[in-house]
Amino acid sequence: METSPLNSQKELSVYKDEDCQENGVLRKGVSEPGEKAESSQISNGYSAVANPGTADTEHSTPAATTTTALVAEAHQGERETWGKKVDFLLSVIGYAVDLGNVWRFPYICYQNGGGAFLLPYTIMAIFGGIPLFYMELVLGQYHRTGCISIWRKICPIFKGIGYAICIIAFYIASYYNTIMAWALYYLISSFTGRLPWTSCENSWNTGNCTNYLSEDNVTWTLHSTSPAEEFYKRHVLQIHRSEGLHDLGGISWQLALCIMLIFTIIYFSIWKGVKTSGKVWVDAAAQIFFSLGPGFGVLMAFASYNKFSNNCYQDALVTSTVNCMTSFMSGFVIFTVLGYMAEMRNEDVSEVAKDAGPSLLFITYAEAIANMPASTFFSIIFFLMLITLGLDSTFAGLEGVITAVLDEFPHIWSKRREWFVLGVVTTCFFGSLSTLTFGGAYVVKLLEEYATGPAVLTVVLIEAIAVYWFYGINQFCSDVKEMLGFSPGWFWRICWVAISPLFLLFIICSFLMSPPQLRLFQYTYPHWSIILGYCIGTSSFICIPTYIVYRLITTPGTLKERIIKSITPETSTEIPCGDMRLNAV
């Protein structure tokens, strides 16, 4: 291949769009150690470099260290990509739209003033959640690697972020799949002529059971419990057999079988790869970040399998809109159900929805469905929907971890993906055993509130600082322009550099200053459980400062030289484009 000058960005795009073949890449970044190439200077800052041994380099001259080179070389082992664009979109939407949209958003919305909550929620989505969602899609699509290896190409000293994300994903898998196991138990129980939570005549019912919806002249009192509540608490959870976190009791074999089936489905869905699968403001920000999901490594993993020129800007806007609209629709449904039940009980809505979280799904929704015509059919459809919502998010969460580890240790696991996935799924199963006990619901709430939330927000904050302040906002925007053909405007730049990090810092400080006092059913969590929750959350976040110290100690040179080396990208970024690589030298 002969070298020739590229006199404009337009000419460079010709290489990208017309001459690119499927088996090649452009590589942009720093030179690999030991790489030697000669180049001819190009007026627009790019230089053409012949592949050693295949091109005539007689008239070439050394490139300046600040230029970028086009290196023609055969690409070995092309990265797997999505079969269709719609596969990527549906996977990201499936990850973002999960069980939290069905129960968490309606409850948080009601708790913070109903319609008034939509204002801070929308503002947080526009200035916080969507910009960081967009950021992670860009990072994954441009650098085409997982959440661990990507830091070698951005800022190596922050590589601990990737390990922290993997640990958080393990904690989430330890309780999130348990909720799906509950839903599966309900689904199996729905295959009957009469739903078991419609009457007070079962072995698990107590004298306080009051079937106020199906029987006439029944008065609801302060001590009354509905059939749906007793089915959930006493039959599914069997929480009455536990005294609290200090005495969780034995493991429910029914739930253990359900979660084994869940993990079996998960394994056979992801083993081959992606081709087969005030306080009002704090709550608003927390909801949008948890719902959209930046900081979990999933968006990077999914986007890393995109084609280089895919319009991830459009993807970010479409996915965010679908996610928020799903939350709004769920809110309309749950408010209708809560209002109806409150009217029938002659109580305030606050009493009907006093237990936040999954209780809304398994008590409130279940009770409403039980009193609908064709209740068996709608119950099957509803709980099947919950399982599919949860599975999509679980697939994505574990795929984020799997992609990160396979990219970081390809020499060990690249040809053993099936075995590695089996190990991950098995580890998550054993990690979830504590949530399958009679007091497992207490563990689920503790992990949800303390072990993952603050850690995820902290990881996202440090990730934003590393990308925009160390890697550089100008370099990041240049990467976007190289992929999409246009540079992000001032709105995105301001959000990335200042507004989004400030939002995250505000949320974290607010959480630390006033941690939530946990209560589930009639059980108030002891003080030591809050400390335990913080310890579990810290166990993931501690990876970041630990790796920073490790990096500075193991890097040779003076302290200043160590810092400079640790914040300078150390490997190149490969960009698919024919038989060529774009390589910064």
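Yeah, the Cβs are placed from backbone N, Cα and C, and that goes for glycine too.
Annotation source TrEMBL lists compositional bias 'Polar residues' at 1-11. According to TrEMBL, the feature region 'Disordered' maps to 1-63. The domain 'Sodium:neurotransmitter symporter serotonin N-terminal' annotation in TrEMBL covers 23-62. Annotation source TrEMBL lists compositional bias 'Basic and acidic residues' at 29-38. TrEMBL lists 88-106, 118-139, 160-188, 251-268, 280-305, 317-340, 352-370, 376-398, 419-444, 450-471, 491-513, 525-550 with the feature transmembrane segment.
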At least three Cβ pairs under 8 Å linking the transmembrane segment (525-550) and the transmembrane segment (450-471), pairs spaced 6 or more in sequence?
yes
Are there at least 3 C-beta pairs under 8 angstroms linking the transmembrane segment (160-188) and the transmembrane segment (419-444), leaving out pairs fewer than 6 apart in sequence?
yes
When you check the transmembrane segment (450-471) against the transmembrane segment (88-106), do you get at least 3 Cβ pairs under 8 Å, counting only pairs 6 or more apart in sequence?
no
Proximity verdict for the transmembrane segment (376-398) and the transmembrane segment (251-268), three or more C-beta pairs under 8 Å
yes
Relative to the transmembrane segment (491-513), the stretch among 88-106, 118-139, 160-188 with the most Cβ pairs under 8 Å is 118-139
Within the domain 'Sodium:neurotransmitter symporter serotonin N-terminal' (23-62), what mean pLDDT does the predicted structure show?
39
